[in-house]
Amino acid sequence: MKIAIIRLSALGDIIQSAVVLQFIKKFKKDIEIHWFVDEKFEGILKNHPLIDKLYALPLKDKKIIQSLRILLEARKNNYNAVMDLQGLVKSAIVSRILSRNNFGFDKNSLKESFAHNFYNQKLNIDYNENVFVRYLGLTSFMLNKYFDPKDLAFKEDVFSVDEKLKQLLSEKMQLTKNKKNILIHVGSSEENKIYPKTKLALLCKLIIKEFPEIKIFLGWGNLKEYEFAKEVIELGAISQDNIEIAPKFSLEELIVFAKSMDLIIGNDSGPTHLAFALNRPSITIFGATPSYRNAFKTNINKIIDTGKKITNTKHLDKSDFCISTIEEEDILKLVKELFGDE
């Protein structure tokens with residue numbers, strides 16, 4: 001059996017979607033899986049052991065003709081089934097080009113409801129439902145095999161780690177000389193999803209006061225986030241022995257570094273969600289985005305939110321900065337809980 005999975009973007013969504021791979025392979029080891037991703041995010045899935053062939057489409061660069069050529073060539077693979085985990089019009093069209101036997105969500109289960117017109121097989125599942133439940137639900141629907149979301153608590157790492165690179169990074173960053181290493185991702189895709197720098201600086205000070213032998217690394221993805229991280233250190237007046245800005249990582253290096261951490265803290269963003277994918281302890285900070293939908297809680301993967309009820313997840317209020325009401329002390333409590341009050 002040969003199937004194709006469509007999940008073009010963005011980083012966090014690809015990281016979360018990739019969990020279905022191990023469920024599929026455990027069900028039937030010999031299923032051949034091809035994955036279609038945007039060229040920009042190819043690095044996160046490159047050399048994935050459960051993906052038999054990865055197709056990178058230059059859609060973000062608006063290279064439509066080139067993308068179409070790749071798709072028409074891939075269509076010759078004669079897929080038994082194609083599954084669109086993205087649920088947008090462009091991803092639905094991609095799935096339709098690849099096969100008539102394509103699976104997606106129905107019009108009531110999509111943000112871009114028009115996309116349902118391109119699917120042959122459609123699943124009804126509430127758009128407000130947890131994303132992992134949605135992804136596993138569509139996978140179950142395609143393979144006619146029930147996958148229990150509760151099994152996510154026992155999943156294997158979603159991404160494999162290059163042990164040689166892990167050792168090199170550990171030596172370069174001198175990780176072994178610290179009792180604990182914490183990675184804090186400062187950014188996110190929207191301003192209102194970012195924990196304020198003044199509060200983050202205070203949180204770092206509180207953590208260091210509680211755990212003097214730890215090292216905090218501030219993760220960033222662009223120049224704006226780099227400047228943000230610099231300001232956090234300046235505002236907190238924190239010693240370089242305890243905090244530093246992480247280097248600019250490739251996606252492969254980010255996976256390896258995340259796996260080396262004792263704790264990862266961050267906003268609702270791709271790099272933060274990588275912690276859950278790699279079974280590393282984490283705290284995800286939610287403001288105006290729904291924690292019940294965008295994350296999966298486990299004993300080691302904690303969430304903190306404002307307690308605000310977000311019922312319409314299709315239309316989130318980008319002017320809502322309620323994330324700033326979350327107290328640093330409440331995040332510290334979760335850190336202490338995960339570190340066992342050492």
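Placed from the backbone N, Cα and C atoms, the Cβ positions cover glycine too.
Same-chain residues at least 6 positions away in sequence with a Cβ under 8 Å from that of K193 (ADP-L-glycero-beta-D-manno-heptose binding site) are, in sequence order, N267, D268, S269, G287, A288, T289, I323. Annotation source Swiss-Prot lists ADP-L-glycero-beta-D-manno-heptose binding site at S188, S189, K193, E225, D268, S269, G270, H273.
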**Binding residues S188, S189, K193, E225, D268, S269, G270, H273 (ADP-L-glycero-beta-D-manno-heptose) - maximum C-alpha distance in whole Å** = 17
**Message:** Quick check on the binding-site residues E225, D268: which one has the highest count of other Cβ atoms within 10 Å of its Cβ?
**Reply:** D268
**DSSP-derived class (H/G/I helix, E/B strand, else coil) of G270 (ADP-L-glycero-beta-D-manno-heptose binding site)** = helix
**Complete:** When each of the binding-site residues S188, S189 is scored by other CB atoms within 10 A, the minimum falls on S189
